[in-house]
């Protein structure tokens, strides 16, 4: 801040500093973080303490620290260091460093002082090693064992060990450990109390523990103590003080025989409902204590010998709390300053004031009950102020910055030179608002003459010039000058008065139908020296031509603009405005566009009355969109309909109510209404709530009643279940009625399942294929409905009664047996098919495998059997009623396996396209089928199908008709099938050439002169 001695010399500096101090972000320090109370354990491995302090400000603040009101010389003690405002103390010492710390932060605008933070050191000393004397009492006498704790900081917790650790003394109505004195109180000693007692204390911060020397407790042998009245040995202070919101614990314990009972009461009031009694009522605990909990409390100890009472006062205090804080203030030099800070607290807080961290004591400044007043401020009053509210339990700080403005008049750049254009008859305001402190004197000139005020021309309080009903004579150059003690400044404005603009918007009122198009024309009559700009609006909002989907297009010319609206929608109806803007004025006009279209959705449909087949409905009409509604269409939807369907109504021409008829009973429906006018059909209404029509007797019988196959003596009746849509109510079921053909009375059976589709009637006396007349009806809780038409159904025919005959089993191969049979035609029990059972000779019939045929087949080929195995086989007929009796078992054995040996020593000689082959005979093993002959298989290389030549000899001639390479194999043939094939030989076919290939020249010669006979 600058004190002004040489005004002219300092004007540029004044302007630079004070004007920009208002506009810039410069400000005094503000605390972001203040130091908190801290307890440092002396045995901590972290050998440093950090007291945090952080402030913001511009320029960036610097920091200093005070201990017990004296500034710390950080430079002279290596143990101290600053990191971004926080004070770091290395190797802290209780003797040197405990105390109250404050952070002082400063920038060019001043200084502020933080709240006080107390640094304590936590430690726990050792008990004196001196042996403690034994305490000897009579049985029944009370005793107090002293703890005498060591030096410690801060609080400690007391407990007592009995004889040896960790056997702790349990507190009850007879034994009590005071957390105030640490002593152990036994109201009435018993024999079991004799022993050694050790006091254990624990530091609440460091959790360190130490044990006292033992105190022996012994019993005297000179008799038992008689009964005596209570003596209160430990009690809470006469005055207990507690901070609001904390937990208060008050102790009271008495010695006595018998053991006294402790009780509590609040004198002249009731105990707080939240109060709790702890430790056999020896401790009264009040959590979250409030001001209303203050008062006199009484502790009473009594037994059969008498009573004793102690009373003490609970006083609840509150820390100071701000009700009203200070606000940063900036004043002109000479203005009055009045600051007030208010705080609550108990006791009531007092107030102190600081300026830049130091006590404020200036004669010009009044400080009364939190109010600070300076009648006429000057630059020297600028700085950082703090209001302190304090009572005996704490101090709170509020900070604010006072800026004193002192500058010559200056004008913002946007006011320095301007040209103002208006139209005739308008009101003109030429701004003149210089920034200055103190407030400047304003003077106006037109040309070179001082402007005189009149009814039409006035200077407003803030300095601007107002001209009413402007005319051509008001045109010219205007100058505004601001002057104060620090200097002067001026601005110039030129005023030009033009003819007013007029506008023509056509057509004035339009009615169109959805889908049509229109052009709105807007013409401007304006001063030729000014440009015009056109703007289009709809219902007061600018039209966004890019977002309107191509419906709008603006066509502009020099003094006119057209708005084309294509394919008009209902949403395009409204007030269309054309606004014409010039440098001097803005004029606008509007036209109304009415759009006719299909009706809007009617109001939500209300269901007023429901019967089993009708629903009375009402709704409110929707917008007719400027074309009268000619028709309403009532639609319904149910879980059984394909979407919305038009429903029949009781009347044809209805407007806002109708009755839906021919509904199905006991079906959930929703209803909606669609309106139609000459333009078209609109959107549907919101659907009604879901309703269910009332129940009624069902009217729809089941369809397609028919018979089904069943067992002997059964009549099987089937039908298509009735859809839930036509069940008409709860308790839906079927009534099945039937009677033998030619009889009169009906037999009826109830089927209670609504999903049932079949009923089986069984009567042992009913012969197979007995014709019955059958009908199926419906019913529900409302009554019986109609029956289906009568149909004739026959009872089941019964299972087959005769076994197949002429059953034969023929072994075909090692794994196949052909089974054939004949069936005797019966009048009853027509077979649906046959079942063949087969099992091995060593198995029981129950283990038989079964295979079925369908229809009238009389044979089946069993495959996949084991070779050389005897099988037993039976055949029986079956139908839907069951199985008939089996045939007598027949037997057949599968063939032996084919030979496993392949033909060996295959030799061949080729003559043109003929190949002569020979091979050694195959000799089967004992469990293999005999050789019946041989097969020669040959195919052209690359093909899959082989040609076969069968022979009973060990030689064969093969004709190879085509040129190429042939693959030839030979295998034995037996009852059990084909044996193992020989290795393949590859023979080339040459037209007209002779080739000789052999494994033995001697055998080839034999092949040429003779044929090797087949050997069995």
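Cβ coordinates are placed from backbone N, Cα and C, and glycine is handled just like the others.
Here the structure is a predicted model, which means the values were calculated and not measured.
Look at TrEMBL and you will find 35-120 (among others) tagged as domain 'Ig-like'. Model confidence over the domain 'Ig-like' (35-120) is summarised by a mean pLDDT of 93.
What TrEMBL lists as domain 'Ig-like' is 137-212 (among others).
Annotation source TrEMBL lists domain 'Ig-like' at 230-310 (among others).
Sequence annotations record features per position, and here TrEMBL assigns domain 'Ig-like' to 320-403 (among others).
Annotation source TrEMBL lists domain 'Ig-like' at 409-496 (among others).
TrEMBL lists 500-588 (among others) with the feature domain 'Ig-like'. Counting residues per DSSP class in helix, strand and coil order gives 3 helix, 48 strand, 38 coil for the domain 'Ig-like' (500-588).
Among the features that TrEMBL reports, domain 'Fibronectin type-III' is placed at 601-696 (among others).
Summarising the annotation, TrEMBL assigns domain 'Fibronectin type-III' to 701-798 (among others). Residues in the domain 'Fibronectin type-III' (701-798) partition by DSSP class (helix H, G, I; strand E, B; coil) as 3 helix, 50 strand, 45 coil.
Taken from TrEMBL, the feature domain 'Fibronectin type-III' covers 803-897 (among others).
If you look at the domain 'Ig-like' (500-588) against the domain 'Ig-like' (320-403), you find fewer than three C-beta pairs under 8 angstroms, all six or more positions apart, and that falls short of contact. Taking every recorded stretch in 35-120, 137-212, 803-897 and counting its Cβ pairs under 8 Å to the domain 'Ig-like' (320-403), the highest total belongs to 35-120. Across the domain 'Ig-like' (409-496), DSSP helix (H, G, I), strand (E, B) and coil residues number 7 helix, 48 strand, 33 coil. Residue counts for the domain 'Fibronectin type-III' (803-897) under DSSP (helix as H, G, I; strand as E, B; rest coil) come to 3 helix, 48 strand, 44 coil.
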